[in-house]
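In what follows, a single structure is set out as structure tokens and then discussed.
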Amino acid sequence: MVKEKKKADKKGEKSARSPSSLSDNLDFSKQDGNTTRQEMSPAGVPLLGMQLNEVKPKKDRQNVQQNEDATQYEESILTKLIVESYEGEKVRGLYEGEGFAAFQGGCTYRGMFSEGLMHGQGTYIWADGLKYEGDFVKNVPMNHGVYTWPDGSMYEGEVVNGMRNGFGMFKCSTQPVSYIGHWCNGKRHGKGSIYYNQEGTCWYEGDWVQNIKKGWGIRCYKSGNIYEGQWEDNMRHGEGRMRWLTTNEEYTGRWERGIQNGFGTHTWFLKRIRSSQYPLRNEYIGEFVNGYRHGRGKFYYASGAMYDGEWVSNKKHGMGRLTFKNGRVYEGAFSNDHIAGFPDLEVEFISCLDLSSGVAPRLSRSAELIRKLDGSESHSVLGSSIELDLNLLLDMYPETVQPEEKKQVEYAVLRNITELRRIYSFYSSLGCGHSLDNTFLMTKLHFWRFLKDCKFHHHKLTLADMDRILSANNDIPVEEIHSPFTTILLRTFLNYLLHLAYHIYHEEFQKRSPSLFLCFTKLMTENIRPNAFQIKGNLFREQQRTLYSMSYMNKCWEIYLAYCRPSAAPPHEPTMKMRHFLWMLKDFKMINKELTAATFMEVIAEDNRFIYDGIDSNFEPELVFLEFFEALLSFAFICVTDQMTKSYTNVPADDVSGNKHETIYTILNQDAQNKSPSAVMSHESDAAHSDSARSSSSKLELSPDVNKIRKSEPKIKKSVSHERVSKMNFKLTGKGITFFSSESKKYERPKDDREEEFNTWVNNMYVFFVNTLFHAYKREEAIKEKIRADRLRSTAQAQQRKMEDDELEARLNIFILREEEAKRHDYEVDITVLKEPADVSSSHLILDPPKEDVTVSPSSKTITSKKKKK
């Protein structure tokens, strides 16, 4: 028996230990919602300073911490136990099969044994009441199990070496706290969701690192306010979006330790009735420092006015540019939220921006300046809110008739203003989801649809021609003349109609007066009234299909730009002709027996009778993006057969139900992020409200700025509920969160014919755009990239060969020069050698006379010597 005790003690329980408290560090962080936001707008924007009510009192925090400390189980206490008694089977003296063991100190185990070890299903109860039910592997709690604490708290999920590790859920009994997600070594780590109340209205879902909120996550506070973005050390830190539903405000941008810091966008939503006079929101886009507007930034007012300049502690201070609601501009210095030099200008300034101040305007020496700037001294019958820009049109008439022309056309606009407002509101809402403040802003895409519905293009003008006409009077970058994301205010919409009316009908009324009035009246009579509200094309006909089609819009815009070419007409902006469109489809290998060139022409000419009459075709007209995109939607039904859709009938349910649909404003914001900072900042008040008109979206949307916005947005990560498959589910009840295990329910497709038709349409769209068009574009771009790489490689190789040839040639030249130098040197040596004998002989010839004496004397000596001998 002693031997059994030692074996059970040494082998069995040295590594098993109870986990630490699952409620440790529940993180009722002060940064979750009590940051006071000092966001008072000097122009009557509601006060932002408020405390969110999600933070627990300090006393509660202490109680929670005490409860946490009271349930810490970090020590390995099983190694101190000795088996006192055992009931069950034995094999060769070792515990085997099902049995019950009691240990010294009061701990017990009931379950399966194998070779003397706790192995298999079992229940271990500590002396203090903590209970573990689940799997054991050689005396160690492993795989799946349930911990139950004496106070009623419980954990169910994966266990590794006695620690919570993997996926599991925890529910605290002393506090209304529940967590479901991933664990590592007994701590929340990975993706998980924590609920702070029984109702499930206060929660956090996202990334955890060692019990700390860190990474990407969504925090919903008890008040309903929501933060979505990056976290660091339990605080909002990085890129994120906060929506204050209680005050109808939203901030998207940079955070540092729970406070707005860096570049961001703050929007104030105002509830309005339908057909409100002002379709915009009060919005600030710029730099923040410690929650204040500080640095460079733009403030867009709901009236259409805009301030672009420097800010200091929420006040305009420094150089700035103020655009009034009528389009007039003041540019100069500001001091302490006033125009420099006019310290008593504040009340008039607020009044002229149509922001309620609660104080009646008072006269001052600056009133005359304001009347000139905001147009209140103007005698226009349209009032100061709308000022028609007729300078270019009036220049076409003699100066003597210009006042009468202007007056009569203003009367004409005034008579039709109600109908024009209704038209503007109707078309600007196409393709848009729910608006938080019941307002919509027209984009160029909506405007094109209006022009085609009213048959403006039947007057020998394409939509591209109209864009060029309308851009002549605006400082619009060349690459944005045909952008579908350009926004259009009501006053801009009216100005556009007047300019187009003149270009279409001026020849007919050039000899009659008032000519401009007659042009506009005929435009209203023959084009607008009979045809407005009758939506043609296949993009905006049905709301649900429109929202789904928008999900493909950004990629199609990218493809459209890739195949545009400079226009032949000034200012030579990039456009796409019909022949370019057809060539593109041919390159994509999409021209086949289903989609022939003739079918292509029929689809394009369906809304334009001047392109194709059944015999002759005109491939020269330019296509704007609306025509390009609607043609692709039509091609989807032609190219995709029933056999192709059969293999794609299981489109995700979220796509079918519309949960992932994008509105035109969501796409507009995404497009603005892709623009260069210079392009974005160059917009004036009529074209720079891309972000201000967006509807609520589940995606993190950031506004761009020079050297401020990060190039990479945090990616929207999958929620924990999407990751667990047939593991653990939970539901909200009146008493809190109930956890249960079940199989995932399969999505059942409704049997209704209308739903079936819509599902078929969705499948067609998916097959055509994702599997056909986008795949072909990707393949073509890969080929082009390979060609470019090959060309670069060939160029580099040619340059390398040229360098090698040049080097070889240089070496040969050097060798030849050296050879020539050597030959020349040898030649000089030979010449020197040849010259030396000649020099010697010549020297001998010169010295001959003296040598004659020398030659004679020896002979005389010999003669004399002979005489002496004799």
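Every residue gets a Cβ built from N, Cα and C, even glycine.
If you look up Swiss-Prot, you'll see 1-43 (among others) marked as region 'Disordered'.
Look at Swiss-Prot and you will find 17-39 tagged as compositional bias 'Polar residues'.
Residues or ranges marked as repeat 'MORN 1' in Swiss-Prot: 86-108.
Positions annotated as repeat 'MORN 2' by Swiss-Prot: 109-131.
Residues in the repeat 'MORN 3' (132-154) partition by DSSP class (helix H, G, I; strand E, B; coil) as 0 helix, 16 strand, 7 coil. The feature repeat 'MORN 3' is assigned by Swiss-Prot to 132-154.
Look at Swiss-Prot and you will find 155-177 tagged as repeat 'MORN 4'. Across the repeat 'MORN 4' (155-177), DSSP helix (H, G, I), strand (E, B) and coil residues number 0 helix, 15 strand, 8 coil.
In terms of DSSP secondary structure, the repeat 'MORN 5' (179-201) contains 0 helix, 15 strand, 8 coil. Here Swiss-Prot flags 179-201 as repeat 'MORN 5'.
According to Swiss-Prot, the feature repeat 'MORN 6' maps to 204-226. Under DSSP, residues within the repeat 'MORN 6' (204-226) fall into helix, strand and coil as 0 helix, 16 strand, 7 coil.
Sequence annotations record features per position, and here Swiss-Prot assigns repeat 'MORN 7' to 227-249.
Look at Swiss-Prot and you will find 251-273 tagged as repeat 'MORN 8'. Per-residue confidence over the repeat 'MORN 8' (251-273) averages out at a pLDDT of 83.
Summarising the annotation, Swiss-Prot assigns repeat 'MORN 9' to 284-306.
Per Swiss-Prot, the feature repeat 'MORN 10' maps to 307-329.
The region 'Disordered' annotation in Swiss-Prot covers 674-704 (among others).
Annotation comment: Swiss-Prot describes 784-811 as coiled coil.
Feature annotation from Swiss-Prot assigns region 'Disordered' to 840-870 (among others).
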The repeat 'MORN 8' (251-273), counted residue by residue under DSSP: helix, strand, coil: 0 helix, 16 strand, 7 coil
